[in-house]
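Taken straight from Swiss-Prot:
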type: BINDING; residues: SER8, PHE9, HIS16, GLY87, LEU88, ARG89, GLU97, PHE122, SER123, PHE124, LEU125, SER126, SER127, SER128; note: ATP binding site
type: BINDING; residues: SER8, LYS40, THR72, ARG86; note: substrate binding site
type: SITE; residues: HIS16; note: site 'Transition state stabilizer'
Amino acid sequence: MKALYPGSFDPLTLGHLDLIKRGCSLFGEVVIAVLENPTKSPTFSLESRIAQIKDATKEIRGVEVCSFKGLTVEFAKRKNADLILRGLRAMSDFEYELQIAHTNRTLNQNYETVFLATEAHFSFLSSSVVKEVAAFGGEINHMVPERVATELQQKFK
């Protein structure tokens with residue numbers, strides 16, 4: 001099976017990476033679909049985010065990294081994905097993700113969204129938290145892959 005894991009990944013966290021590994025273990029293949037959203041101002045360019053993810057996942061079998069814009073279900077169809085993979089940290093994530101999953105099912109009945117609960121030690125982790133800690137000079141090596149930590153620290157010098 002092939003899972004599509006969409007997101008902005010700005011930046012990739014160890015929580016994302018854990019979900020990717022577990023997704024590959026469960027489904028065999030995970031397409032990491034990095035959202036290209038012209039209405040947002042990301043910390044890292046699309047190219048940087050893709051390079052960071054490729055670097056962090058180079059040892060994981062079954063990973064493909066690519067960008068997309070538009071509807072997730074349309075991209076899932078183009079990539080011949082069987083399902084959409086999402087992670088849940090808290091009930092607040094569930095409420096939002098459930099709305100998106102229902103919307104995706106309304107748009108295309110062929111796609112189920114599979115939710116994986118985040119490992120407890122990553123439940124506090126979000127890209128926003130990582131950026132805020134980095135901006136104030138805090139330690140982020142336990143939150144993100146090494147390359148991401150280095151690039152974030154350089155960005156917030």
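Glycine is no exception: its Cβ is also placed from the backbone N, Cα and C atoms.
Counting other CB atoms no more than 10 Å from each candidate's CB, the binding-site residues LYS40, ARG86 peak at ARG86. The Cβ neighbour count for HIS16 (ATP binding site), using a 10 Å radius over every protein chain in view, is 26. Note on proximity: among HIS16, SER123, LEU125, SER127, the binding-site residues of the record, the Cα nearest ARG86 (substrate binding site) is that of HIS16. Of all Cβ atoms in the shown protein chains, 20 besides its own fall within 10 Å of the Cβ of LEU125 (ATP binding site).
Taking CA atoms as the reference points, SER123 (ATP binding site) and THR72 (substrate binding site) are 24 Å apart. In the three-state DSSP reading, GLU97 (ATP binding site) counts as helix. In this structure the residues listed as binding substrate are SER8, LYS40, THR72, ARG86; their two most distant Cα atoms lie 21 Å apart.
Spacing of LEU88 (ATP binding site) relative to THR72 (substrate binding site) is 18 Å (Cα to Cα, whole number). Reported as a whole number, the C-alpha separation between HIS16 (ATP binding site) and THR72 (substrate binding site) equals 18 Å. Each residue contributes its Cα atom, and for SER127 (ATP binding site) and LYS40 (substrate binding site) these two points are 14 Å apart. Long-range C-beta contacts of SER8 (ATP binding site), restricted to its own chain and to partners at least six residues apart, with a cutoff below 8 Å, comprise VAL34, LEU35, ASN37, LYS40, PRO42, ARG49, SER127. Neighbour counts were taken at the CB atom with a 10 A radius for the binding-site residues THR72, SER123; the maximum falls on THR72.
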